[in-house]
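Participant: Pulled these from Swiss-Prot:
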- LYS265, ASP270, ASP288, GLU349: Mn(2+) 2 binding site (BINDING)
- ASP270, ASP347, GLU349: Mn(2+) 1 binding site (BINDING)
- LYS277: active site (ACT_SITE)
- ARG351: active site (ACT_SITE)
Amino acid sequence: MLNINFVNEESSTNQGLIVFIDEQLKFDTSLMALDQQHYGLISKTIQNKLQFRGNYGQITIVPSVIKSGEVKYLIIVGLGNAEKLTEAKIEELGGKILQHATCAKISTIGLKIMSRINRFTPQTFTSLIASGAFLASYRFHKYKTTLKEVEKFAVESIEIFTDNNSEAIKLFEVKKLIAEAVFFTRDISNEPSNIKTPQVYAERIVDILEPLGVNVDVIGERDIKNLGMGALLGVGQGSQNESKLVVMEYKGGSRDDSTIALVGKGVIFDTGGISLKPSSNMHLMRYDMAGSAAVVGAIIALASQKATVNVVGVVGLVENMQSGNAQRPGDVVVTMSGQTAEVLNTDAEGRLVLADTVWYVQEKFNPKCVIDVATLTGAITVALGSTYAGCFSNNDELADKLIKAGEEVNEKLWRMPLHDDYDAMINSDIADIANIGNVPGAAGSCTAAHFIKRFIKDGVDWAHLDIAGVANSNNASALGPKGAVGYGVRLLEKFIKEYN
């Protein structure tokens, strides 16, 4: 685990020293002094425009020319246009610095910031750099019996010196709690599905949330059946592992404060059921529960901070498997709301799980708004790729606040349309609703959203976040390795705490 230390006096024992320069390549007094201390190494690096231009995210590591002391490298980092810096961009710089230092095998890093960088105070700037580096330090190696040399090395520490360290520490401690919640979400998402059965996943939720003061109720199939959740049970009926409904209630606000409900799709593994998926990349269906993991992670983040909000989270944990008892295309299920649903495609299972879970949370908790998070459709990935998650909502203000929160933490949302024409496409000939649209290949993410919308009560503000394209990545990003991204934790935490 990367150690982030805020110190009261500058140290010369770090192997690497971070230097920030914007695209204007101008030196302030402190940078001039540092350059002189290193015999003009920084200015010489800048003079070589082919080597360093100060562009945002450009990082050049040069060996120190000082023979005495521990500093062996200067890590020169481009800020680009400092006026265009955002919190998200600064965090990404922290992640990039850690990645470059790891490649260069620099085990300890020092950072000194004593003055504002554009609108950011030294305390805010350094806490964001530290947060980005901490997020980027995540690894999932628990099942590797041997590690490659490149995997063995990890940066040990970043030592930060600035004035008013107590303020910087306070800011970073909150960001670290949020990052640790992201790590839980990444961990449980990366976990192989033979390990994270619905029962095991539910136990892990209990283990991490109950010590934080969150009331957790794990509901088994007998009680799920008594609740009338035929849609959820239908998805899981082909699996040997019992489906679970996990209800998490965090009461950090007053009795008079309204409740926000978070609902997550928790399909532990999705074969597609009888409507079998292609075998290529089916292993990635371990991530089909990433929506539920985002919900759990957001509640961890809020509860660990003792945030003064009231939040309830509900996740339906199921496996969509084949067997002699599996749900068939053409089956009709009765949902908890009493509406009947025709299952035309067993691989459109997530919306069936969500239909019962969003209805349950409205019936029991009467929330101010409901936000569901799900890796719901491949269609959203076709539309938005891995840059944006899709946001569907019946309330413009809610959608705008979610999008704004996402921008601030670099978890982007794109507003997608709801329309009566899409709703008409999911009418069934023999039931109240069909689980896919009646025009093959058309508006798949929109018809899926409308399916969920059929189970939202009048007067309830609702947003549906389709995170299928952003939940996991085949490539490393500035803030983490390939695999589970942990998308949604920081977005939901930011929205609930600051925009609610």
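Note that Cβ sites are derived from N, Cα and C of the backbone, with glycine treated the same way.
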Participant: State which of the following recorded positions has the fewest other Cβ atoms within 10 Å around its Cβ: LYS265, LYS277, ARG351.
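Facilitator: Output over recorded positions LYS265, LYS277, ARG351: least Cβ neighbours within 10 Å is LYS277.
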Participant: Excluding LYS265, ASP270, ASP288, GLU349, please set out which residues of the same chain place their CB within 8 Å of the center of the CB atoms of the Mn(2+) 2 site, keeping sequence order.
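Facilitator: These residues sit around the Mn(2+) 2 site: VAL235, GLY266, VAL267, MET285, MET289, VAL318, ASN320, GLY350, VAL353, ALA374, THR375.
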Participant: Other Cβ atoms within 10 Å is the metric here; tell me which of the binding-site residues ASP288, ASP347 scores highest.
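Facilitator: Sorting the candidates by Cβ neighbours within 10 Å, the top entry is ASP288.
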Participant: For the C-alpha pair, I'd like the distance in angstrom between ASP288 (Mn(2+) 2 binding site) and ASP347 (Mn(2+) 1 binding site), rounded off.
Facilitator: 12
Participant: Measure the Cβ-based neighbour count of ASP270 (Mn(2+) 2 binding site), defined as the other Cβ atoms within 10 Å of its Cβ.
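Facilitator: Other Cβ atoms found within 10 Å: 26.
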Participant: So which recorded positions are near ASP270 (Mn(2+) 2 binding site), with CA atoms within 10 Å, out of LYS277, ASP347, ARG351?
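Facilitator: Among LYS277, ASP347, ARG351, the ones whose Cα sits within 10 Å of that of ASP270 (Mn(2+) 2 binding site) are LYS277, ASP347.
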Participant: Taking Cα atoms as reference points, rank the recorded positions LYS265, GLU349, ARG351 by distance from LYS277 (active site) and give the first.
Facilitator: GLU349
Participant: Taking just the CA atoms, what is the gap between ASP347 (Mn(2+) 1 binding site) and LYS265 (Mn(2+) 2 binding site) in Å?
Facilitator: 14
Participant: Would you count the other CB atoms within 10 A of the CB of GLU349 (Mn(2+) 2 binding site), including those on all shown protein chains?
Facilitator: 29
Participant: On the three-state reduction of DSSP, what should I expect for ASP288 (Mn(2+) 2 binding site)?
Facilitator: helix
